Amino acid sequence: MGNRAEEDYNFVFKVVLIGESGVGKTNLLSRFTRNEFSHDSRTTIGVEFSTRTVMLGTAAIKAQIWDTAGLERYRAITSAYYRGAVGALLVFDLTKHQTYAVVERWLKELYDHAEATIVVMLVGNKSDLSQSREVPTEEARMFAENNGLLFLETSALDSTNVELAFETVLKEIFAKVSKQRQNNARTNAVTLGSGPAGQELGPGEKRACCISL
């Protein structure tokens, strides 16, 4: 359990990490949620998630970050992993081109199981190993642009762009949710007493629903 401040939030956003084994998904998760990095390359089997609450304007957003934790090795990721996700970081290792070559397959699997409105960022991890780079920045950037994805290069080791990557995705999700709520208000779609999932909480309320975009 986090401290009281950690428990006070307006929205919960589920964000999934996907990509090949060994690209640094778990370290991106631990760097963002706990500011930790592990040099131990052993893979833990089983789905896990961590949370961190961030402020976007006056709204407290609880980011629930899910990690496949090795299941991708066995093609054992199920639809339950993607269910309810409103954001995804599709991670590849920019020092191993083979992890980038299968990005399109991961994107297809994501769209097969997740909502079409999910916010997706392509992440080239391990930017600290620039001398070993196998994937040009512009190649990955163009792929992202052509597929409507956000794009950043990160280093979980030295923290470069890790905060920015997660916060950019969360801001994009929040913008979509805010726009959806405005549209609902315009069309009188919100019924008193039975607001939609992910409804913003009033003063003093601390519980929240997961968002569906």
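Glycine residues also receive a Cβ, built from the backbone N, Cα and C atoms like all the rest.
Summarising the annotation, Swiss-Prot assigns GTP binding site to Ser21, 24-27, 38-39, 43-44, Gly70, 125-126, Asp128, 156-157 and lists similarity to another entry as the type of evidence. As annotated by Swiss-Prot, Mg(2+) binding site applies to Thr26, Thr44, Asp67, with the evidence given as similarity to another entry. According to Swiss-Prot, the feature motif 'Switch 1' maps to 35-49, an assignment based on similarity to another entry. The motif 'Switch 2' annotation in Swiss-Prot covers 67-84. For Cys209, Cys210, the entry in Swiss-Prot reads S-geranylgeranyl cysteine. Per Swiss-Prot, cysteine methyl ester is recorded for Cys210, and the stated evidence type is sequence analysis.
Distribution of Swiss-Prot features across the structure.
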residue	record	CB count, 10 Å
Ser21	GTP binding site	15
Lys25	GTP binding site	27
Thr26	Mg(2+) binding site	24
Asn27	GTP binding site	23
His39	GTP binding site	6
Asp67	Mg(2+) binding site	23
Asn125	GTP binding site	29
Asp128	GTP binding site	15
Leu157	GTP binding site	17
>> Give me the CA-CA distance between Ser21 (GTP binding site) and Asp67 (Mg(2+) binding site), in Å, as a whole number.
In response: 11
> Across the motif 'Switch 2' (67-84), what does the pLDDT come to on average, as a whole number?
Replying inline: 74
> Where does Asn27 (GTP binding site) sit in DSSP terms: helix, strand, or coil?
Replying inline: helix
> Between Asp67 (Mg(2+) binding site) and Lys25 (GTP binding site), how far is it from one CA atom to the other, in Å?
Replying inline: 7
>> Measuring Cα to Cα, how far is Leu157 (GTP binding site) from Thr26 (Mg(2+) binding site) in Å?
In response: 12
>> Which secondary structure state does DSSP assign to Asp128 (GTP binding site), in the simple three-class scheme?
In response: helix
>> Can you tell me whether DSSP puts Asp67 (Mg(2+) binding site) in helix, strand or coil?
In response: strand
